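For His132, the entry in TrEMBL reads active site, proton donor/acceptor. Sequence annotations record features per position, and here TrEMBL assigns active site, proton donor to Lys136. The NADP(+) binding site annotation in TrEMBL covers Arg32. Under the heading NAD(+) binding site, TrEMBL lists Gly71, Thr72, Thr73, Ala96, Ser97, Asn98, Phe99. The annotation (S)-2,3,4,5-tetrahydrodipicolinate binding site is assigned in TrEMBL to His133, Gly142, Thr143. If you look up TrEMBL, you'll see 1-99 marked as domain 'Dihydrodipicolinate reductase N-terminal'. TrEMBL lists 102-231 with the feature domain 'Dihydrodipicolinate reductase C-terminal'.
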Amino acid sequence: MNIALIGYGRMGKAIEEILIQRGHDVVLKISRTPLPEELKNIDVAIEFSKPEYAFDNLKVLLENKVATICGTTGWLENQDEVNKLAITNNTAFLYASNFSLGVNLFFELNQVLARMMNKYRNEYQINLEEIHHTQKLDAPSGTAITIAEGIIENTTYKTWSMEENSQEIIPIEAKRIENVPGTHIVQYTSDVDTIEISHTAHSRKGFALGAVIAAEWIWNKEGIFTMKDVLELN
Ligand SMILES: NC(=O)C1=CN([C@@H]2O[C@H](COP(=O)(O)OP(=O)(O)OC[C@H]3O[C@@H](n4cnc5c(N)ncnc54)[C@H](OP(=O)(O)O)[C@@H]3O)[C@@H](O)[C@H]2O)C=CC1
Ligand SMILES: O=C(O)C1=N[C@H](C(=O)O)C[C@H](O)C1
């Protein structure tokens with residue numbers, strides 16, 4: 001496939017390595033310079049830039065009818081508009097806060113555990129922690145937000161917060177430590193014990209491979225998709 005890499009930082013470079021291994025051609029690489037207004041001969045675009053640039057990039061890609069997968073976090077206030085653009089331009093769009101197979105399995109496990117724990121809300125205090133490298137621009141991580149949303153869907157918690165803690169709120173703590181690719185921990189603590197599930201990425205390879213698999217999957221499709229569709233977790 002002819003792939004456009006929009007954002008050529010840590011993730012862009014890790015993705016490029018896997019694209020080449022799997023026989024794809026990287027026909028456009030964008031870092032900093034604005035996207036050309038007209039895009040030609042691109043099968044799929046892979047967007048991993050920065051929170052403040054993602055929306056503008058996605059608009060150009062989708063208006064050019066380029067099937068796009070996006071891993072950039074921190075731009076979701078514009079998600080509805082982006083989804084509409086994909087639909088009106090008869091193309092395909094997939095956003096994932098985390099492309100790794102392991103985290104997507106963890107999302108499922110998190111929902112099952114949340115459903116079980118809802119009965120014991122009074123006995124157990126919930127805590128969500130994410131740890132990332134010090135260059136990360138957004139907090140909490142997109143993955144932590146997806147985990148919190150999975151808990152909210154399956155319990156009587158109403159929202160999440162990095163500042164407040166109450167019966168209705170899932171507290172999220174974000175830690176920044178040199179060279180950590182991404183760790184997420186969900187804890188339920190009572191007076192007598194702690195139940196904990198965690199996912200620890202050892203490198204960026206899992207995110208990058210998942211992004212390439214999603215790009216291969218979305219080619220020639222139309223609509224709005226998630227990693228659940230790609231990994232057939234529905
Ligand atoms: N969904 C997932 O599985 C994962 C998501 N992420 C997310 O992906 C994003 C990128 O992460 P990462 O690669 O580590 O970050 P980096 O900062 O390493 O890379 C971002 C790149 O985008 C470039 N850039 C700047 N402006 C633009 C622009 N207008 N258009 C396109 N590119 C631009 C930056 O250039 P310059 O440095 O010169 O400004 C930089 O090279 C983050 O939001 C992160 O949270 C990360 C890992 C996994
Ligand atoms: O910025 C990162 O590095 C990561 N960002 C994503 C997020 O915000 O969840 C995914 C992964 O945890 C690494």
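Heads up, the Cβ atoms here are built off N, Cα and C, so glycines get one too.
Within 8 Å of the centroid defined by the CB atoms of Gly71, Thr72, Thr73, Ala96, Ser97, Asn98, Phe99, the record's NAD(+) site, lie the Cβ atoms of Phe48, Cys70, Tyr95, Gly142, Thr143, Phe207, excluding the listed residues themselves.
Nearest by CA distance to Phe99 (NAD(+) binding site), out of the recorded positions His133, Lys136, Thr143, is Thr143. Mean pLDDT of the predicted structure over the domain 'Dihydrodipicolinate reductase C-terminal' (102-231): 97.
Excluding the listed site residues His133, Gly142, Thr143, the same chain places Thr73, Ser97, Asn98, Glu130, His132, Lys136, Asp138, Ser141, Ala144, Gly182 with Cβ atoms within 8 Å of the centre of the (S)-2,3,4,5-tetrahydrodipicolinate site Cβ atoms. All protein chains included, Gly142 ((S)-2,3,4,5-tetrahydrodipicolinate binding site) registers 20 other Cβ atoms within 10 Å of its own Cβ.
Residue counts for the domain 'Dihydrodipicolinate reductase N-terminal' (1-99) under DSSP, split into helix (H, G, I), strand (E, B) and coil, are 38 helix, 23 strand, 38 coil. In three-state terms derived from DSSP, Gly142 ((S)-2,3,4,5-tetrahydrodipicolinate binding site) belongs to a helical segment. Using a 10 Å radius centred on the Cβ of Thr73 (NAD(+) binding site) and all shown protein chains, the other Cβ atoms total 25. Among the recorded positions His132, His133, Thr143, no residue has its Cβ under 6 Å from any atom of ligand 1. Comparing Cα positions, Thr73 (NAD(+) binding site) lies closest to Gly142 out of the recorded positions His132, His133, Lys136, Gly142. Residues Lys136, Thr143, taken from the recorded positions Arg32, Gly71, Thr72, Ala96, Lys136, Thr143, are distinguished by a CB atom under 6 angstroms from ligand 2.
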